[in-house]
Amino acid sequence: MAERGARLLLSLLCLTFLYPATTVSRHAEKGTAARPFSPFWFSVEPWDTLAVRGAPALLNCSAHSGDPASEPTAPQARVEWKKDGTFLSLAPDDGRRRVLPDGSLLISSVVHSKHNKPDEGTYQCVATIDSLGTIASRTARLTVAGMPRFSSQPAAASIRLGDSQVLACDVNPDLVPLARWEREREPLELSSRLVQLPNGALVVSNASEADAGLYRCMVENAGPAKTSEEAQLTILPETGEERELEFLVEPLPVTKVVGASLLLPCVVTGYPAPYVRWMVGDKLVEESEGKLELVGGGSLLIYNLTEEDAGVYSCMADITNNTIEAKAELTVQVPPEFLKRPANIYAHESMDIMFQCEVTGSPAPTVKWVKNGDAVIPSDYFKIINEHNLQVLGLVKSDEGFYQCLAENDAGNMQSSAQGVANPTGPTPSAPRDVVASLVSTRFIKLTWRPPAEPNGEDLTYSVYFNQEGTNRERILNTSRPGEMQVTIQNLMPDSKYKFRVVAHNKNGLGESSAVLKVATQGEVQVPGPAPNLQAVSTTPTSVTLSWDTPLTGNGDVLTYKVYYMEKGLDLEQDIDAGALSYTLMGLKKFTEYSIRVVAFNKHGPGVSTGDITVTTLSDVPSAPPQNLTVEVHNSKSIMVRWQPPPPGAQNGEITGYKIRYRKGTRKSEAAETTGGTQLFQLIDGLERGTEYTFRVSAITVNGSGPATEWSTAETFESDLDESRVPDIPSSLHVRPLVNSIVVSWTPPENQDMVVRGYTIGYGIGSPHAQTIKVDYKQRYYSIENLDPSSHYVITLKAFNNVGEGIPVYESAITRPQSDPIDPDVDLYELFHAPYTPVPDPTPMLPPVGVQASVLSHDTIKVTWADNSLPKNQKITDARYYTVRWKTNIPANTKLKVTHTGTGRSLINGLVPILTFCLTFTVPSSSPKDVTVVSKELKPRTIIVNWQPPSEANGKITGYIIYYSTDVNAEVHDWVIEPVVGNRLTHQIQELTLDTTYYFKIQARNSKGMGPMSEAVHFRTPKSKCGGGGGGNPWRLIGSEGGGGGGNSWRLIGSERGGIPAFTIIVVVVGAFLCTRRTTSHQKNSHKYKGNSKDLKPPDLWIHHERLELKPIDKSPEPNPVMTDTPIPRTSQDINPVDPSLDNSLGSVFVVVMLNISCFSYI
């Protein structure tokens, strides 16, 4: 906030020098009006949808802006769609997916198979109006129903008259709504006696002879209906012999959303006919019309679920002297609901604003904020307050837009938006003059004043700030209309001293405060004195009981008492009337400290207040489970359990411990261990080898245990393995390419004595490090989805444990062309039991892959690679050899050096300190956002640049480049460059020229290179030198064009006389690779670098350059550094500009090795 408000501080310090410019600004601002809010909202948002393969699917969305009555020409929103967080690319010729005129997404024919699921996923509608901003809808899940499959089918059965029977029909869970039953091949009409269970099975209860016949189950999908086998149901007469009670179907634990209906199955057989009843907890469930109904002889149907319906339900069946019981827990989830939605905010620049958002739901929803469709990343000026609210510090123009609060839990998600509008800050009024107390009474004071000498606007309003002497709590009272210059402050205390000050407002905000005026009210004896003996006792976690005595000086009958109370840390005091000498405050927060006082009232008004007393409400059990539960197998007999405390607002007291419950497999019996209050982990030992255990954790206060986490599962090892080093290389890797996916299968390392906790799969076009996926140690295959057709992918597989990742095994594959037919039912056995992976045709030879460079010494580098035209063991059986070429780019020495080798590696000796290789880039596809520039306090020649990361980083951001110039139209190579290392979002630039307009652009880089530049942002430095300036930079990098061969020559100019360290750049080219370089005129362009180039790192290439060492030279500072008074320093280092449009062919691989000095180049 201090950085973003630097302009205001600087203007105050330099008022004398800046006054003429300020005056011009006043006149320029005069008469401007605040920009009104622009309504922009979704009238329709998408909802979760179940689709059928081959059938159409529609996701609804419609966005509107403005008021149709008053703004008939309001701009139309441009609607786009995201799938799984990425914008859909809907080409004009894509006839299968298109956006309808109202913004809805229509998929005319859903595509879905085992290895190709392009339509299933999470969708979000994004609406944009260029002049306003962007809003995003709630997310919706599109699920595609699978092909109908019966896991169990009806079988022939017999049933006695009046008894119950169940006919099985287990189908895919997503197809149960599409299942129905037939008797004698005629549709079966369901009733309270014939009930279809949630899994599709049919219950026949209180059987009659009419129930006999052939039954079958049918699933009607988009294609032909799928029918089960037919089963004969035979009705037998009742013999009268007693039959033992038995559950045919028992209730199972279930989770449902509020408002849904639910059938809890319970089917019992026996004779005499059993009596079935239900209990929830210890309460008997009674049928009620429209809410609870017993169907199917004993199953419980619950309509319109509420939170109160949650609990443990017991189905109990009685027959003579025998009773059986089955229990199941019903969990009712509540989707997020807004208690307080964010409101539109209009504020002036440099002000702090707060968007409030309060949500409720079960489980407790998580909240995230987006601005104009992009996630808000917490920073120095974007802060999340009280878990849900968003605070923006030091408002700037680029903060304008639509802010959305997105709340989500397991039951659903929703969003609410608000608009933020920033008004440039102009001159504010000076202090009001001649503030006086024109009328003083016992309980009120009337103040009057004259307008400011410099109003800087019309229609001024005023605020009066006042507080009682001896207290720090300042209150505020505003005038009722513009131009009014008097106010009466009521409800003051008699015979008390008060402090007053007045502040004027204009359209630009608050002005200067007047001097403090001290006034004492007159004495009064007619009102009651303070109520003595005020006491407060916390009776429950949410209530406090108060008591007090009658005031000693009542001055007449006390009519009533008023209790004032306030939560500690807040400034909002609440009050409530109490007619007696005691009162119980209800609805307080649990385990929270409150400040309380009491005032007696008689016919003359309020009396003297008691002193404040404090009380803390009682603690309670936690209302939320611990967070971030993880389980990790330690060895064959122990598992480590870790967690985080419940959210602070849900702890409801001091956490005294945690209870860990665990059980083996599917057993219902549990064991438990308890930890201390600050311990957030526990090693559970004494377990069985090779056994699956489930764990959950609950927090404990002195009041008991709170809710537990969800069950988390882990399986102990069969035997204790070694984890002192990383795992060995996987013993095999096979790939099977399809059109948009590659199926990968593998076998574990041959050494089975090392712990393997999982596998890391890397893949990408030409480089295996574009994407990374981690899978479980049990997994032996994985399908890599959403790939491009007819593309060459390099794939790596590494086993890992807690020590690290092992040696990778490489493979490559070319995905099929788009025209290839897709087989939705590929036999997985055929995929994973192939004897080896087919290799590409070795004629012509393929470029080597997996090129790696390692520095062995100051003048030696080892280069290794893999050949895809060889078998997996890379054994060379023919007469092939490899050529490694390298050269320096020193103009005087451009001759290629060559070495030959018959293996997949080569040592290059006798090199000079710096070596450069070549690589293609996959760069960020968008520029950094919200670029702002402010001056530094007391240093007018220093500015601070702030920004936000790009929306589409395409990987981890490793640094930024700041360009600045005094000419916005200058060629890019004439701009000065400031490098920024890492993910920092702020940077200082020093030694700028005063009273000069500068233009700034920023470029982001990831491990693959540089992204596009941001739009230019301008800033004018102050006229006066009000703060100290920093020293010059003792090192300058000087570049020159020309030289032999048209290459760039490089010099490092040090601060010491004659000190020109020289270095050599060497280019290593693997023979089978073609180094693609641009030959356009841009090669001759150069960028200017300011400062030490050690701030700039080479791209994080997939060559293993992490083994390289950077050792910057330590130079003493120059007493007379090279400096210039021009806005742009003319001493600079020339480099080739990074062009994101570089050819993406598989060319040479580049890496930079720096040994003696900390500078480098991109080629």
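Cβ atoms here come from the backbone N, Cα and C positions, even for glycine.
If you look up TrEMBL, you'll see 39-143 (among others) marked as domain 'Ig-like'. Remark: secondary structure over the domain 'Ig-like' (39-143) totals 0 helix, 50 strand, 55 coil, with classes taken from DSSP.
Secondary structure of the domain 'Ig-like' (148-234) per DSSP (helix as H, G, I; strand as E, B; remaining residues coil): 9 helix, 38 strand, 40 coil. Sequence annotations record features per position, and here TrEMBL assigns domain 'Ig-like' to 148-234 (among others).
Under the heading domain 'Ig-like', TrEMBL lists 237-331 (among others).
Here TrEMBL flags 336-422 (among others) as domain 'Ig-like'.
Summarised as a single figure, the pLDDT of the domain 'Fibronectin type-III' (431-524) averages 89. Under the heading domain 'Fibronectin type-III', TrEMBL lists 431-524 (among others).
Under the heading domain 'Fibronectin type-III', TrEMBL lists 530-620 (among others).
According to TrEMBL, the feature domain 'Fibronectin type-III' maps to 625-719 (among others).
Sequence annotations record features per position, and here TrEMBL assigns domain 'Fibronectin type-III' to 726-819 (among others).
The domain 'Fibronectin type-III' feature in TrEMBL is assigned to 927-1024 (among others).
Taken from TrEMBL, the feature signal peptide applies to 1-23.
The transmembrane segment annotation in TrEMBL covers 1058-1076.
Against the domain 'Ig-like' (336-422), the recorded stretches 39-143, 530-620, 625-719, 726-819, 927-1024 differ in Cβ pairs under 8 Å, and the greatest number is found for 39-143. If you look at the domain 'Fibronectin type-III' (431-524) against the domain 'Fibronectin type-III' (530-620), you find at least three C-beta pairs under 8 angstroms, all six or more positions apart, and that counts as contact.
Just going by CB pairs under 8 A, the stretch in 530-620, 726-819, 927-1024 that sits most against the domain 'Ig-like' (39-143) is 726-819.
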